Every structure is written in C-alpha cells, then in structure tokens.
C-alpha cells in the first residue's frame, strides 16, 4: 500500500488548513478553528492514532487476502476442479502480485511520496510510541488472517471474497482525513506544512522545536548526498543497513510462515486433527500474541524479541517434523495429532511474538531517508519473493516429505538466530537519526 501525498499548498486559510493537508485529494473544508484551538496535547496525540488506524486498514485488508486460501482450499478445489499444482499457483497469486508491486513501488512511491505502512507510521510516531504503533501493522495483518480463518468456516468462498471489500472502503475514506509525514514534507521543502503537520501530530501546545531542528539537520545532511540508485545500496556506508533489512526479510519468510499460514487447515487434517477447531485456535493465538507484542516491543527491545521468536520457531518446526515422521513411519500414531497441533500453535505464537512484526519495525528505522525508497523496495521485494516461493512450493515439499519440510524450516530459523545475534543492532528508544549515527559509526 502506498500512502498518497497531496501536492497542494494553500496558504490563504492559515495554519489550521495547512495542518490538515490530506494524503489523498486536494483541499478539504476549513478546520473548526475555535474548537481545535482548545485541544490539549494529550487530546491532539489522537491524530497519531487516527493516522495509524487508517494506515493499518490496508494491513488488515492484506491479512484478509492472506487468510483466504486456508479455509477455502477444499471448496475451491472441488468447485473449480483444480489440481495440486493449480491450487498452489492460486494460493501464491497474492504474494506474486505483492512481489510485482514491490518491483514497481520504488519509482511510483518516490513520485507520490510515501513508501508503505510501517515507514509511514515510523515517520509520524514519537519515538516512545514508534515501536508499538509500527507493530500494529503486523497485528492488523494477523487480525485480518484470523477473521477470515474464522468466518471462512461458515461463509462460502465467494461470499468470503466479497467481505474483503469492507476494509478497502474504510481505507479510501480515511486517506482524506490524515496528515502527511512531517519528515517527508521537510524532505521536499514544504516548511510551513512540515511544522504544522508536526504540531498536529504532537499537540498544539507541544514544544516541537527540538524535534523539528533534529529532523531538519538530518535531512539537510542527507540532501547533500546524491540521490540513491539501486547499485548505491551496496556502497560501504549503506551496506550494513541493507544487509540487516534484507536479511531479516529473508529469515522471516524462508522460515516457512506462508506455507503454514496459507495451508494450516490442510496441516491439521493431515495430522488427523479437526481443521475447524485447529484453525480457530490458531487464529486466536495469533492475534493475542501479536497484541501482547505491541505492549513489550518498546520495553523489551527488538533484538531480544527476535531471538526468543526465532528460537521458538526452531523448536516448533522440530516438534511438527517429529509428528509427521511418526505418522510416515506408523509409530506412536496416537501422539501424532497432539504433537502436530502443539508444534503449529507454538510456531504461530513464536512468529507473532517477534519475527512477524519486528523485522518491519527495524526496516522502518535503519534506512537513511535518502535511500529509504530504494532500500525499502529492495527489502520488500525480497520479502515477497520469499513469501511467493514458500507459498508456491509448500504443497510440493509436503508431497516430497512432510517431516523433511519442517526440518528444513527449522534449519533456516536456526540460521536466523545466528544472524540476529551477530548482525542486528538494538534500536529501542532511539530516534531515526540516532540509529543512523550508531549504524554508521
């Protein structure tokens, strides 16, 4: 999802109209100056929450799409007479489309101004809320997946597809109501709009002088650098940021999440467990753990969450692999369902605790603003390439070896632990500018 910038600068109606420069469309009605002039800083911080809510509606919509294939697999396969290969292609269409979008998003996003939900939230949120609010991106994706898992057990696959239009409508309406990122406005030289947008997000009576000066100084430094191209990302000064951002996306996706997410119903059925009960339990755990993650990401830190999450994924994959090994060799068959359910529920709980949301938070924090567009597109492309690869190959891997598939995922997640421990820095409690200074020190 790209958030769309308004290029209109109407100075005739004063500060209050500039504050509400929308992301989509041109001038809206004048602000109610009297009532808004009386709002306190605490009340005005709700603009950050409103902007975040509108942005993550797009994340919820994506979650709905991601959760569509699991509860509808049997019905679609029967109604449309699809083979395993054909349904695997159908299930991976979403991730393939997102991958193509990532390829084109660089030049398009550079033209219209915004680069995606996590980056937008990171740029509008104060540093004490940035981690928690950015994590809402993943929470809403998980919520969309879970909602479709649950209602997909009672709706037909056609009705379920139409239900996904609701968050789209909310998103399109909300884009008229929220301000642009102050950092982006500063970067393109809209001085008045930058200051008033920052006041809108921080509160009318808030002292924004220090934050505004810090943003301006950082951007002025970066503006003296040449505009980044793809090959520029491999320069020494950017290389560590690129390795961190891209590496996290590799381990997030190739650890198997989209195979599990897209075909969880089939996993439970293969293990001899009720698909509906298992899927609903999976959906509930996913949302609850991700919601808890939003409360601890700015307290516990990014790196510890990643390490704990990746460790849990390794254990979960091993447990699930053991269950399918026992089934394949007809050993202790009575324990197969409980081991499979335990492994899968531990898998989604562990993923939701860190590897789901934290890589996006870190990605939104580590790239300098002058390469954010190109670097963000590269990391997102790698992410969606991994998502497409896993979602497409999962059924074929399971046909090859059900337990071998999860042992392979366990090995990749084990490598992810080493990567996080050795390469990824802690970014908790630092401004975007301080993070860049630490990375390039």
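Quick reminder: no glycine exception, Cβ is built from N, Cα and C everywhere.
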What range among 12-31, 132-151 does TrEMBL record as transmembrane segment?
132-151
Correct range for transmembrane segment (source TrEMBL, candidates 217-238, 305-326):
305-326
Examine the transmembrane segment (46-69) against the transmembrane segment (242-265) and state whether at least 3 Cβ pairs sit under 8 A, considering only residue pairs 6 or more apart.
yes
With the transmembrane segment (132-151) as the reference, find which of 242-265, 271-293, 374-394, 406-424 contributes the most Cβ pairs under 8 Å.
271-293
Intrachain residues whose Cβ lies under 8 Å of the transmembrane segment (271-293), provided they are six or more past its termini:
67, 70-71, 135, 138-139, 142-143, 145-147, 149-150, 153, 264-265, 305, 323-324, 327, 336-337, 339-341, 344-345, 348-349, 352-354, 356-357
Residue numbers, six or more beyond the limits of the transmembrane segment (338-362), whose CB comes under 8 Å of its CB atoms:
118, 122, 130-131, 134-135, 137-139, 141-142, 244-245, 248-249, 251-252, 255-257, 260-261, 264, 267-268, 270-273, 278, 281-282, 285-286, 289-290, 292-294, 297, 302, 305-313, 315-324, 326, 406, 416, 424, 427
Counting Cβ pairs under 8 Å to the transmembrane segment (305-326), which of 157-178, 242-265, 406-424 comes out on top?
406-424
